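These notes are about the structure you will find just below.
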Amino acid sequence: MTDVRNDWTREEIAAIYNSPVLDLIYRAATVHRQHHDPQEVQVCTLLSVKTGGCPEDCAYCPQAARYHTNVKVHKLMEVDEVLSAAYRAKESGSTRFCMGAAWREVRDNRDFDKVLEMVKGVNQMGMEVCCTLGMLTESQAEKLKNAGLYAYNHNLDTSEEYYGDIISTRTYDDRLDTLGHVRQAGISVCSGGIIGMGESHQDRIGMLYTLSNLPEHPESVPVNALVPVEGTPLEEQPRVSVWEMVRMIATARIIMPKAMVRLSAGRVRMNVEEQALCFLAGANSIFAGDKLLTTPNPEEDMDRQLFQTLNIRPRKAFKDAEQPAVVFEQIPL
Ligand code: SAM
Ligand code: DTB
Ligand code: SF4
């Protein structure tokens, strides 16, 4: 059994990342089998509860107000609409429901109170509830925890060195501070990044270095392939090859063996064989549903076929929870 280490050096990570790809996959698959059931894949659903109009300048993001994209701005959705969507996601087999808001940070206002209601409602349906709302203070993290939040997504996106080329309206340390507040509140941490933004291999290694040297590894690590969106500064970026996704996923799997590694944005451009390679390399979570936040994701039928062909099954909710969530009777919607 491989140990969980929080003292990986950049050189060690680079040696793993740069190893011959078939050796890399073999090693990652071996580590994966020591810590996880390789037939099991977590199925998560995303919902954009507040879309567009964001004041930040993240170069990849179609929701930044300053770029002219086709995304329609939408104010915070109503609680009952969100709960109906969560219920549908549960019915179609999702065990984690993640609500995203195009905010720079959470403000203590009526919108936040509504989000807390959404968290309560989804938790009561027996799903792992996750949010990604931008920066959080310690007390906001505690409020979310008390409402039943299971996980919080807050990506580092890239290396500390490349961060300023992608985002200028906040710092890497702001990101790390929020991750600290989430951890402190006892919420499961979800943090990863994006490849294909013009970063170097060293930057990818640098991001994995920061994640794997956190005092505790994130429980989930999303690996996104950039979805280039017209109107954003990264609209012309070429597609990342499957081998780059595989290297990233496999390295994350080896250095953070217990984490759920999520094959996130970019699946829509991958065939079954390419996705199978990612699962072999240690990915064990996906986003299902025909939309991510604003961009397309594979149709339900495609994913059903994917699961059948590869003999994989969805992971149950709360498998790693220290204590099960309080699950009330299912509320009919
Ligand atoms: N506003 C919050 C924040 O930035 O933390 C939450 C929502 S934000 C859209 C969540 C994550 O989506 C980003 O951190 C980024 O990793 C990912 N993302 C956004 N646009 C993307 C794109 N075009 N391709 C791939 N991933 C993207
Ligand atoms: C993550 O790492 N990827 C998801 C989720 N966390 C919030 C978001 C992907 C967004 C892709 C672009 C879009 O659909 O707007
Ligand atoms: Fe705003 Fe988040 Fe998009 Fe950045 S990634 S522009 S913070 S919604």
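The count begins at 1 with the first shown residue.
Placement of Cβ uses the backbone N, Cα and C atoms for every residue, glycine included.
Heads up, TrEMBL stuff is auto-annotated, nobody curated it.
Remember, it's a predicted structure, so these values are computed and weren't measured experimentally.
Noted in TrEMBL for the protein shown:
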type    : residues                      : note
DOMAIN  : 39-267                        : domain 'Radical SAM core'
BINDING : Cys54, Cys58, Cys61           : [4Fe-4S] cluster binding site
BINDING : Cys98, Cys130, Cys190, Arg262 : [2Fe-2S] cluster binding site
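Overlay of TrEMBL feature records on the structure.
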{"residue": "Cys54", "record": "[4Fe-4S] cluster binding site", "CB count, 10 Å": "23"}
{"residue": "Cys58", "record": "[4Fe-4S] cluster binding site", "CB count, 10 Å": "23"}
{"residue": "Cys61", "record": "[4Fe-4S] cluster binding site", "CB count, 10 Å": "25"}
{"residue": "Cys98", "record": "[2Fe-2S] cluster binding site", "CB count, 10 Å": "28"}
{"residue": "Cys130", "record": "[2Fe-2S] cluster binding site", "CB count, 10 Å": "24"}
{"residue": "Cys190", "record": "[2Fe-2S] cluster binding site", "CB count, 10 Å": "28"}
{"residue": "Arg262", "record": "[2Fe-2S] cluster binding site", "CB count, 10 Å": "25"}
Euclidean distance between Cα atoms of Cys54 ([4Fe-4S] cluster binding site) and Cys130 ([2Fe-2S] cluster binding site), Å: 20
Output field, [4Fe-4S] cluster shell: CB within 8 Å of site CB centroid, site Cys54, Cys58, Cys61 dropped: Glu56, Asp57, Tyr60, Pro62, Gln63, Ala64, Ala102, Ile167
Integer Å distance between the CA atoms belonging to Cys190 ([2Fe-2S] cluster binding site) and Cys58 ([4Fe-4S] cluster binding site): 19
Residues close to [2Fe-2S] cluster site centre defined by Cys98, Cys130, Cys190, Arg262, Cβ within 8 Å: Cys44, Arg96, Thr132, Ala151, Asn153, Ser220, Pro222, Ser285
Among Cys98, Cys130, Cys190, Arg262, the binding-site residues whose C-beta sits under 6 Å from ligand 3: none
Secondary-structure category, per DSSP, in which Cys130 ([2Fe-2S] cluster binding site) falls: strand
Annotated binding-site residues Cys98, Cys130, Cys190, Arg262, filtered by Cβ under 6 Å to ligand 1: none
Distance [Cα-Cα, Å, rounded] between Cys61 ([4Fe-4S] cluster binding site) and Cys98 ([2Fe-2S] cluster binding site): 18
Segment confidence, the domain 'Radical SAM core' (39-267), expressed as mean pLDDT: 97
C-alpha spacing of Cys54 ([4Fe-4S] cluster binding site) relative to Cys98 ([2Fe-2S] cluster binding site), in angstrom: 19
Secondary-structure category, per DSSP, in which Arg262 ([2Fe-2S] cluster binding site) falls: strand
